[in-house]
Amino acid sequence: MSALPIPLLGQSLSALKDWAVAQGQPAYRGQQLHAWIYQKGIRSLEQVTVFPRAWREAVQSYPVGRSRIVQRTEARDGTVKFLLGLADGQLIETVGIPTAKRLTVCVSSQVGCPMACDFCATGKMGYRRNLELHEILDQVLTVQEDFGRRVSHVVFMGMGEPLLNRDTVVQAIRSLNQDIGIGQRHITLSTVGVPRQIAWLAQQDLQVTLAVSLHAPNQDLRQRLIPSASHYPLDTLIQDCRDYMLRTGRRVSFEYTLLSGVNDLPIHARQLAQLLQQASRSGVQLHVNLIPYNPISEADYQRPHPTRVREFVRQLEQHQVRATVRQTRGLDGNAACGQLRGSFLRSLPGDL
């Protein structure tokens, strides 16, 4: 028997057709398999009832590449966090965020994260490895299966730095679009910033939204909060964002987590406005998403008072910088951005 693409999840329509033909089956069997994997979300080839029984039995032992759900936690607002177990025993987290018109999935790109941002729970757990293509796609299918509705938006804002797993993440973006049917303009890639990688991303002919996690308006403070920033001067990062917008025609969003008494003062807002005006001088669009901090047990930072948040917005708007305060979802389910954490592992008895 010819080698089967393993895992099946992540294989393109043409690859699955070619495999079916190599098995002595008509090409449309590969098309059927593609539909059952990406649209029906099967977990085993035994579920593909349109296949001839003999052939289904011959190939049923080959893995689709789906992860198992270890834990599911639902918040009062309907946000659901999934703890997923990978084939090698590693654990990742995925968040499904529903609204009346959208279903957004916050996907992870790595097990843990090497960036070690001082305020981030994922950064505190360290880095294990990059995720593989099927492990990223599986997160979207898991949420789609659980909610019983199509995923409309995907944000790479879960565990990990996507641009440190760039090739696989770009493969995943293309597959989300071509195989699962999610528009590229409904996909957001969030990055803290990795030298030379934003320029690389701009050359990939994608139409995704780039979200850059700034979290500070000056280099000194940013290095305190994000150790890796010492290798990527803020002025260079902003210039790379400007070049990205000019090359792709896509707006860049800037993420800014507000930490009480640390980066949320009026002087910080004015510095941030001045910084971003560098990127907007050529008429390119930019937008700031302000994220009031979600407290975690691993860090001493606090959430700012709402009046402080409103004043920060006012200062930005006075300087013609558009800003939105992001609605925090899933706080009671421990699922909001920055709260992906190892609570499950800590609940297990003994040493792991």
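Using the three backbone atoms N, Cα and C, a Cβ is placed for every residue, glycine included.
Swiss-Prot has this to say about the protein:
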- Glu93: active site, proton acceptor (ACT_SITE)
- Cys337: active site, S-methylcysteine intermediate (ACT_SITE)
- Cys113, Cys117, Cys120: [4Fe-4S] cluster binding site (BINDING)
- Gly160, Glu161, Ser190, Ser213, Leu214, His215, Asn294: S-adenosyl-L-methionine binding site (BINDING)
- Cys106-Cys337: disulfide bond (DISULFID)
- 99-332: domain 'Radical SAM core' (DOMAIN)
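All features noted in Swiss-Prot, drawn onto the structure.
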residue : record                               : DSSP (3 states)
Glu93   : active site, proton acceptor         : strand
Cys106  : disulfide bond                       : strand
Cys117  : [4Fe-4S] cluster binding site        : coil
Glu161  : S-adenosyl-L-methionine binding site : coil
Ser190  : S-adenosyl-L-methionine binding site : strand
Ser213  : S-adenosyl-L-methionine binding site : strand
Asn294  : S-adenosyl-L-methionine binding site : coil
Argmin Cα dist to Leu214 (S-adenosyl-L-methionine binding site) over the recorded positions Cys106, Cys113, Cys117, Cys120 returns Cys117
Of all the recorded positions given, Cys106, Cys113, Cys117, which residue's CB has the most CB neighbours within 10 A?
Cys106
Listed binding-site residues are Cys113, Cys120, Glu161, His215; which of them have CA atoms within 10 A of the CA of Glu93 (active site, proton acceptor)?
none
What whole-number Å value do you get for the CA-CA distance of Cys113 ([4Fe-4S] cluster binding site) and Asn294 (S-adenosyl-L-methionine binding site)?
18
Per-residue pLDDT averaged over the domain 'Radical SAM core' (99-332) comes to what?
94
Nearest by CA distance to Ser190 (S-adenosyl-L-methionine binding site): which of the recorded positions is it, out of Cys106, Cys117, Cys120?
Cys106
Most Cβ neighbours within 10 Å: which of the binding-site residues Cys120, Leu214 is it?
Cys120
Given the recorded positions Cys106, Cys117, Cys120, which lie close to Asn294 (S-adenosyl-L-methionine binding site), meaning Cα to Cα within 10 A?
Cys120
Whole-number answer please: how many Å between the C-alpha atoms of His215 (S-adenosyl-L-methionine binding site) and Cys120 ([4Fe-4S] cluster binding site)?
12
List nothing but the largest Cα to Cα distance in Å, as a whole number, among the residues Gly160, Glu161, Ser190, Ser213, Leu214, His215, Asn294 that the record says bind S-adenosyl-L-methionine.
19
Within a 10 Å radius around the Cβ, which one of these binding-site residues has the most neighbouring Cβ atoms: Ser190, Ser213, Asn294?
Ser213
Cys117 ([4Fe-4S] cluster binding site) versus Glu161 (S-adenosyl-L-methionine binding site) - Cα distance in angstrom
11
